[in-house]
Amino acid sequence: MHPLAQRIVAFGAARVSGLSAPSALGLIPALTLLAMLGPVGAGVLGTVLPAFGYLPAAGLSTLSFDPIIALFDWPGLTAAVRLSATTGLVATSLSLGIVTLTLAGWHGTRPFRMLERLLSPLLSVPHAATAFGLAFLVAPSGWLSRLASPLTGWDRPPDLLIVQDRWGLTLTAGMVAKEVPFLLLMTLSALGQADAPRRMRVAQALGYGRITGWLKTVFPAVYAQIRLPVYVVLAYSMSVVDVAIILGPSTPPSLSVQIVQWMSDPDLSRRLTAAAAALLQGALVFAALALWRAMEFVVARLGCLWVERGNRGVADPVLRPLGLVLGLLSALAILAGLLGLAVWSFAGFWAFPDAMPQELSFRNWNRYLPGILTASGTTALIAILATGLALVLVLGCLESEYRSGRGLTQRGLWLIYLPLLVPQTAFLPGLQTLLLSLGADKALWAVVLVHLVFVLPYVFLSLGDPWRAWDRRNGTVAAVLGASFWGVMWRVRLPMLLRPIVTTAAVAFAVSVGQYLPTLLVGGGRVQTLTTEAVALASGGDRRAIGVYAVAQTLAVLLPFILALSLPAIIWRNRRGLHG
Amino acid sequence: MIRLSNTLPLIAALMAPLPALSADLDPSDWDAVLEQAQGQTVYWHAWGGSTATNDFITWIGQQVAEQGVTLEHVKLSDTADAVSRVLNEKQAGQDEDSAVDMIWINGPNFAAMKDAGLLYGPFAEQLPNWQYVDTTGKSVQSDFTVATEGYESPWAMAQVVYMYDSADMVPQHSAEAILEWAKANPGRFTYPQPPDFLGSTFLKQTLIELTDNTEVLLRPADQADYAAVTAPLWDYLDALTPVLWRSGSAYPASGPAQLQLMADNEIDLAISFSPGEASTAIANFQLPDTVRTFVLEKGTLGNASYVAIPYNSGSKAGALVVANALLSPQAQARAQDPAILGYGTVLAMDKLSDEDRATFAALDLGIATLSPAELGTALPEPNPSWMTLITDDWTRRYGAGQ
């Protein structure tokens with residue numbers, strides 16, 4: 001046989017049989033699943049048992065439905081459930097809508113590159129800091145009201161319920177502002193594989209407007225790739241704790257906040273109610289996901305009708321500026337909030353309605369800097385280890401999947417997705433008990449492993465789709481030219497996928513830095529990161545302390561994002577196609 | 001009982017695989033405690049929401065470092081986190097080396113942990129500095145009517161005061177007067193949302209003000225006609241809630257969150273459990289310098305802050321050294337200084353040396369702090385069962401969107 005033909009046949013056979021994949025590589029998927037699902041499974045079990053009355057440590061060991069009855073007895077349940085559901089669904093729809101409109105109207109333009117540069121670093125801003133910044137911006141005694149006071153004549157803030165409103169509107173707005181950068185970054189890294197320019201060229205050649213053309217030709221391909229990140233946003237928005245405490249109502253609070261409050265009640269039997277509520281929270285998230293999935297079918301059907309009607313885009317002139325305004329607004333909300341916190345970090349006394357503090361000094365910074373430096377070291381170490389491990393595992397999984405030709409099944413995808421769907425409050429206390437009984441808590445590596453549980457899904461979600469969308473024919477061509485499996489990986493696939501890989505690493509880093517409950521519970525409080533320190537200080541509501549830590553956190557995770565945006569362009573400056 | 005207490009150390013000795021350090025630890029043999037404490041690291045789980053307290057704990061760390069103990073402040077957003085931690089450790093059989101060596105604990109958590117056998121002790125009254133503690137004038141041996149029995153050591157006295165902005169209002173010396181003022185000035189008063197500790201304290205303080213029979217509150221609530229005793233409180237709150245800040249739709253999450261509201265001029269009146277808090281906050285730019293404090297005519301609730309040591313701490317000797325350092329006249333004087341912390345001392349002035357007494361006498365209590373005489377009567381805390389019941393009732397009535 002001709003050598004070239006031999007190679008092609010061998011390559012195809014290897015892909016089908018998977019026999020030539022080294023066995024170590026073959027073990028990685030199993031190892032990864034174990035790292036992600038073992039802790040969740042053990043933790044969930046530690047939740048299900050108390051939900052039915054079994055918590056031996058508190059001397060409670062009679063199985064019963066009492067905790068569930070107690071939960072349904074709570075008068076705030078209806079409002080709390082409604083709040084979780086509306087916040088999740090509305091925040092996800094709005095975030096997706098804003099990202100889609102912005103991309104459709106402006107991708108590839110100069111204003112878009114500006115917006116991208118604004119939004120990307122915002123992903124790293126911790127949720128709690130974003131929420132505090134926003135609260136300071138929009139509260140009746142907030143910055144906007146202060147700036148407007150010369151016009152309104154307010155010397156006292158008006159008694160208006162803006163922050164913590166009963167309908168959770170401010171909470172929803174806060175979630176949207178925080179999730180838009182995440183979805184935008186996910187969508188951008190997926191766009192590279194969606195062949196958008198050619199689709200757009202065809203659409204525009206047929207006379208479609210920019211937005212209509214993008215929605216009809218590019219959006220379906222992109223949405224298929226960002227579906228999982230969208231689900232993550234939905235599940236997260238429904239079960240978020242820190243943002244809901246700061247921006248959400250408290251009479252009653254959202255279900256997840258109430259769970260945390262029951263968990264910390266001195267009356268140990270409340271933990272049973274908390275466990276029952278955690279199960280309900282899990283069920284709610286799954287119901288909302290099912291609803292979203294159903295809506296996808298409806299939208300797809302309506303979308304097809306819309307596509308077939310051939311409308312070229314009369315609404316485009318309105319939608320295009322709207323997309324940019326909304327995108328800018330969500331970026332500005334976070335930036336202005338952060339700026340407000342930055343000013344607070346230097347503030348002496350700052351009375352209403354002054355737009356600026358009476359004096360600025362380094363007093364607050366001097367006070368907190370020693371703690372920040374210590375915590376930054378720990379934070380970075382944990383984040384680097386968790387990110388590195390996650391990248392190795394996920395790249396191993398994807399490579400093994402590629403070589404064996406066995407793609408991830410739909411069921412496998414849901415498994416990966418599980419740690420992000422199960423509310424943290426539902427499985428972390430159970431997980432803590434497991435680690436304790438193994439004598440493996442309090443150590444830095446245990447914290448790294450638990451961070452890995454949360455980092456892995458994000459890495460999978462953000463890397464899996466671009467990886468699978470990579471054109472296999474590149475590999476075939478390289479193999480034909482004599483490259484081995486490893487050669488194809490190191491010299492063709494990884495370089496071509498550098499952009500999604502570094503973006504993913506930056507996301508993973510930010511995810512690790514942002515972890516509060518896992519760090520606190522597994523670290524036993526002994527592992528102190530910027531986030532655990534910040535949340536502890538935040539409970540005191542001192543905007544100066546919050547300001548210093550928010551700025552420190554943002555600075556600490558800004559670097560990976562700058563690298564993620566600039567590395568591909570620097571490394572492949574002479575290969576434009578590799579960083580498009 | 002006697003036989004049991006004789007055999008317990010034996011059982012403990014048999015069950016311990018190694019010569020168990022903690023079983024041998026005798027708090028009354030202080031030299032041995034100091035020797036064991038050498039090189040130990042004490043993880044003190046204490047609420048981290050107050051910058052002033054955090055700085056004070058750092059200073060205590062410097063003091064005990066001289067005695068060979070390293071103190072690490074684990075900053076909690078909620079004391080219950082440490083309690084859950086110890087509880088989970090017990091469940092998992094981690095009986096030797098807890099992540100928690102010391103907890104800044106409050107009444108309900110103390111009662112729960114003591115009941116569940118999660119605390120080490122008795123130790124408090126064996127500490128060398130216990131000799132200075134005011135055991136007659138201050139309630140340092142019972143916490144929310146639960147006898148401490150040496151299972152927790154006091155380190156600061158607290159008493160309810162009301163902080164008000166003197167630029168906007170004058171003191172109101174009774175619950176009724178506060179209600180009348182609030183009606184005349186809607187939206188200018190609020191309190192932390194129960195079950196926050198200070199919010200629950202506001203409910204208890206108001207209940208004591210309104211009830212005719214305070215004796216009944218010292219006994220468990222199930223021995224009284226709960227509905228009848230608390231009826232005046234709910235009538236009062238029904239009248240107060242509509243004129244609260246945000247009409248009672250939202251509440252500040254914690255005590256310090258009220259400071260921010262006062263600084264933002266959103267409210268003029270707030271409750272505090274520390275007579276020196278306002279002065280300290282003014283010094284830290286957290287409050288306008290027009291804020292002052294007042295107490296109620298019939299007296300206000302008082303109690304002590306305590307530290308406790310979990311049964312499974314691996315550094316009990318070190319924790320004892322820290323607990324003792326907190327009671328030293330030097331540390332207590334520093335805590336009372338409003339420029340530092342502004343917490344009341346637990347020591348008796350007549351038990352101190354002349355020099356130490358002079359240090360306390362020289363303290364300027366601060367611009368907004370009442371003198372001990374002005375603070376008036378410190379009322380005893382009700383039995384913990386009252387707090388649980390009225391907090392639950394509050395949540396049903398005002399905290400669940402009804």
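Positions of Cβ are set from backbone N, Cα and C atoms, glycine also.
Among the features that TrEMBL reports, domain 'ABC transmembrane type-1' is placed at A:77-290, A:368-567. Here TrEMBL flags A:52-72, A:84-106, A:118-139, A:167-191, A:228-247, A:272-292, A:322-352, A:372-400, A:412-431, A:443-463, A:497-517, A:546-572 (among others) as transmembrane segment.
At the 8 Å Cβ threshold, with sequence separation of at least 6, the transmembrane segment (A:412-431) comes into contact with the transmembrane segment (A:228-247) through 3 or more pairs.
Between the transmembrane segment (A:322-352) and the stretches A:118-139, A:272-292, A:372-400, A:546-572, Cβ pairs under 8 Å are most numerous for A:118-139. When Cβ-Cβ distances below 8 Å are used as the criterion, the transmembrane segment (A:118-139) is approached by residues 145, 157, 162-163, 170, 173-174, 177-178, 180-182, 184-185, 240, 242-243, 246-247, 327-328, 330-331, 333-341, 344, 506-507, 509-510, 513-514, 516, 531, 534-535, 538, 543, 546, 549-550, 553-554, 557-558, 560-562, 564-565 of the same chain, each at least six residues removed from its ends.
Spatially, the transmembrane segment (A:443-463) is adjacent to the transmembrane segment (A:228-247); three or more Cβ-Cβ distances between them are under 8 Å for residues at least 6 apart in sequence.
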